[in-house]
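Asks: This is the structure, below, for whatever I ask next.
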Amino acid sequence: MIPVFLEYFFPYVLAICFIITVHEFGHYIAARLCGVKVRVFSIGFGPELYGITSSLGTRWKISLIPLGGYVSFVESKDDNHSFKNVNAWKKMMISLAGPFANWITAILIFIFIVYNSPMPMIDPVVSDVISGSPADIAGIKSKDRLLSIDGLKISNIRDVHSYLNTNLSKEIKIILYRSNVGEITVKIIPQTKYIVNNFDIKNSVLSIGVNFDSSVIHYQYRSISESILKGLNYSFDLMRSNVIALRDILHGKVKSSQIIGPIAIIKIAKNVASEGFKSYIDFVAVLSLSVCFFNLLPIPLLDGWNCWVFLLEMIRGKSIGKLAEMIIMIIGLFIVITSFVLIIGNDIYRLIS
């Protein structure tokens, strides 16, 4: 029997450590490409639990508190490989590399899930024919199976709709199969059918006047190109949802009590892990995108803010002063800690109530 502690915390810690590793590794790779030495690569904050030092002088370590991570660069101006000695655009690239790594990881996970999740496809078997329609006039009957249209093999009803909607109202040749008869060839001129959507706008589609039997299905895997497109679209949709959620929070449309934090995420991680591997990695991908979005926010200490600072450095031709940098860091630390305390407080209140 798995201890309750491990049952609840292990899925969360595993997901967070993976996402943090990906994020910080993005910073690390970009820094190395830009010629910057990395002093420390840490998963977690606080006291070191375990660590090793590589031949390049980087201390790779796991720290006590698994709520984040960091990469520490050589900062001395006397060192040619110092972070302070590289161009502002390289600093910006290093800052953006972490969120970018999270975004790419999420997309790859989505592509993997889509590619390995077969779609239920309705077979092109006619359930009924609309009276007076082109199909009725051509003699198509219930339980006929469409085999091809104008020589194009038909394996599901999506193929039918796709072909009809990309061809003008011209005569088409349909080969179908009928029990106890065999293959039959019919010629039909599809009719234009108008569908009114939610905005009262009429969209024209071509129809032959049949309904298909939705109980007759088979499962079909998507191609790699279709999986890539779906994965990209899903990631963009989620990022758009994050933007909308942030807008609603800033406009007061979302109560602070509705915002979830680490404690709530621990419970979600445990639940999705129990549903299976695909559900769990989907959760990891969504969380990775959330980390990407959060780090791109223009809040001091986050990657998004650093990018604005480096952009200003590019425009001015020099970095901001040490005093201004210190004040900004204090403000950022205050914002992050205050937000974290409020979110944790909401989680605890929700847990108790």
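The first residue you see is number 1, and the count goes up from there.
Each residue, glycine too, has its Cβ placed from N, Cα and C.
Copying in the features that TrEMBL gives for the protein in this structure:
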TRANSMEM  12-31  transmembrane segment
TRANSMEM  93-115  transmembrane segment
DOMAIN    107-180  domain 'PDZ'
TRANSMEM  280-302  transmembrane segment
TRANSMEM  323-344  transmembrane segment
Asks: If you average the pLDDT over the domain 'PDZ' (107-180), what number do you get?
Replies: 88
Asks: What does the DSSP secondary structure composition of the domain 'PDZ' (107-180) look like, as residue counts for helix, strand and coil?
Replies: 23 helix, 23 strand, 28 coil
Asks: Six or more residues out from either end of the transmembrane segment (93-115), which same-chain residues have a Cβ under 8 Å from its Cβ atoms?
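Replies: Non-local partners: 19, 22-27, 29-31, 34, 36, 83, 221-222, 224, 226-228, 230-232, 234-235, 238-239, 278, 281-282, 284-286, 288-289, 291-293, 295-296, 303-304, 306-307, 310.
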